[in-house]
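Sequence annotations record features per position, and here TrEMBL assigns domain 'ABC transmembrane type-1' to A:69-270. TrEMBL lists A:21-49, A:69-95, A:107-129, A:141-165, A:194-215, A:251-275 with the feature transmembrane segment.
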Amino acid sequence: MTSVPLSLLRRTRVASSVIPGFGLTLGFTLTYLSLIVLLPLAALLLKAASASLDQWLAVLGDPRVLSALWLSFGGALAAAVINAVFGLLVAWVLVRYPFPGRKVVDAFVDLPFALPTAVAGIALTALYAPNGWLGRLLEPLGVKVAFTPLGVVVAMVFIGLPFVVRTVEPVLQDVDLELEEAAASLGADRLQTFFRVILPAVAPSLLTGFSLALARAVGEYGSVIFIAGNMPGVSEIAPLLIVTKLEQYDYVGATVIATIMLAISFTLLLVVNLLQKWRRARMGG
Amino acid sequence: MIEVEDVSKHFGDFKALDRVSLRVNQGKLVALLGPSGSGKTTLLRILAGLEQPDAGRIKLGGIDATGLGTRDRRVGFVFQHYALFRHMSVAENVAFGLKVRKGADRPSKAVIAERVHTLLNLVQLEGLAGRYPSQLSGGQRQRVALARALAVEPRLLLLDEPFGALDAQVRKDLRRWLRNLHDEMGLTGVFVTHDQEEALEVADEVVVMNKGRIEQIGTPAEIYDSPATPFVYRFLGNVNAVPCSVTGGAAQVGGLHIGGGAVDGGGTAFVRPHDVEILELSPDLPQATIRQVIVLGPVVRVEVVLPDGTVLDSEVTREHKDKLKLRRGLEVSIFLRKARVFVGG
């Protein structure tokens, strides 16, 4: 009953993989990533570097830019949080309860992946416009969705849902019913079982789903611009502002906003990854 | 004390338990033994409150617990695959049952830490409190699961195939260890197993189950020496089951008189291999021919064929084999020390 540290076993095993060709595959990976990801980003940074400090300050001081960035990232965060909660719920229902039509519901989850975003945007706008099916019901309550920041969040929730469901689902499938039974036999009530046993087990995948939904929502353009109404300073998102600037031949302004977006996105994803790493280290791998 | 009264349980058309009644006295360790599908795990889960019976009653310590959920039964349940919480360290796993208590029932941090320490000592895992389940061997995980179940001071400990997922040597060690632990703590325990050796070695009392019913309840010696039904005979240990006929109150197998039968007719005679004695050829005793001699460590299995073609397995010692120079083709006499006849079975 001696125990060999698992991490040690794994490390030695990697060294002697039965499939050779590490050099070749690594070379290919780096080349591919460079061409597809790094080169365009480098071009962006190069262009941004050509902007003078004054130009940077001008863009950063522009309330329209700040409000667009705030809407893009704030809205995306809000949408990702909403998706994390309800995506987990959807995944839970799909995994735990067999019901007629489950396969169909399961397929529905992927629709936001597949639908052209413009179609989604137009559909959402038609629904939530003041004379739309849902907008008509909401208007007397004083809730305006279409052409407001709320509409932006709604569109972002729509396109981000599958990311959470699809990352949480397989992990939830692995959470054995026995764990819940064990918790119950130890005296835990349902809430305790959920928050102390199930949630920590799915937390890493939930965090991954959250960051994917967040990244997607930050970069979303097509579906948002229809429902947003795009009022400068109110419901205009940063990607749209970039397009607007490009159309006005303000390449420097567009690049600077893009660079800021890149920096914030990178920081957000880095934080999520560090969180994951910290968690893994704490659990001992 | 546990009392199970007329409990039945169906899963769809499948009858998992069919009016099962059972009584386990305080401080006993009882094995539910049977093949898969015999209902033993269902019975255990009903005792734990993880399943509710369709009919019948469960009493724990004289109080009706039927309908009570797992949470309120104060039973410790140890799962076959441990069901440890992977994101918690060993100490956190053991402390879980105490930490989820509410209000005044919840012990202070110091008390919990003390109790975890005591329990980890008990299961001999003192040094591993900070490890995570993924860093432990199977045997260690099972002991953590046991410590976790004991932490809530259950009035009843239930174990579902506790050693089923472990390899042979670890299993043997843990078995003895569980038996000793039980003797020290005096807890009432029920465990499920399909391994007869495990049941006979560890339990005070064995409940043999088959097809949702109890075939026999008794001490390991009773179960082995005087099985109540053909099923128990077949399930526990090796046995020769040979067709026989009973006429005039005497049972015959291939011209061999093997004892009495209550009712005339065809039946099956059960003889344990070690009750088939092999002797030097003698005119007073029935004859047989050796067909096969297999040495299995200290014992030797000998297959003999009776004149009518019936084959019997016999077990003899190495010394006996050497003394009689047993080999294939040798003519010998046989004597059945003990046999039991089930008419119609």
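Glycine is treated like the rest: Cβ placed from N, Cα and C.
Nonlocal intrachain contacts for the transmembrane segment (A:21-49), taken as residues 6+ away from its ends with a CB within less than 8 angstroms of a stretch CB, comprise 251-252, 255-256, 258-259, 262. Counting Cβ pairs under 8 Å that are 6 or more residues apart, the transmembrane segment (A:194-215) and the transmembrane segment (A:107-129) reach fewer than 3 and are not in contact. Within its own chain, the transmembrane segment (A:251-275) has Cβ neighbours under 8 Å at 41, 44-45, 47-48, 50-51, 55-56, 58-60, 65, 68-69, 72-73, 207-208, 210-211, 214-215, 218-219, 238-239, 241-243, 245, counting only residues six or more beyond its boundaries.
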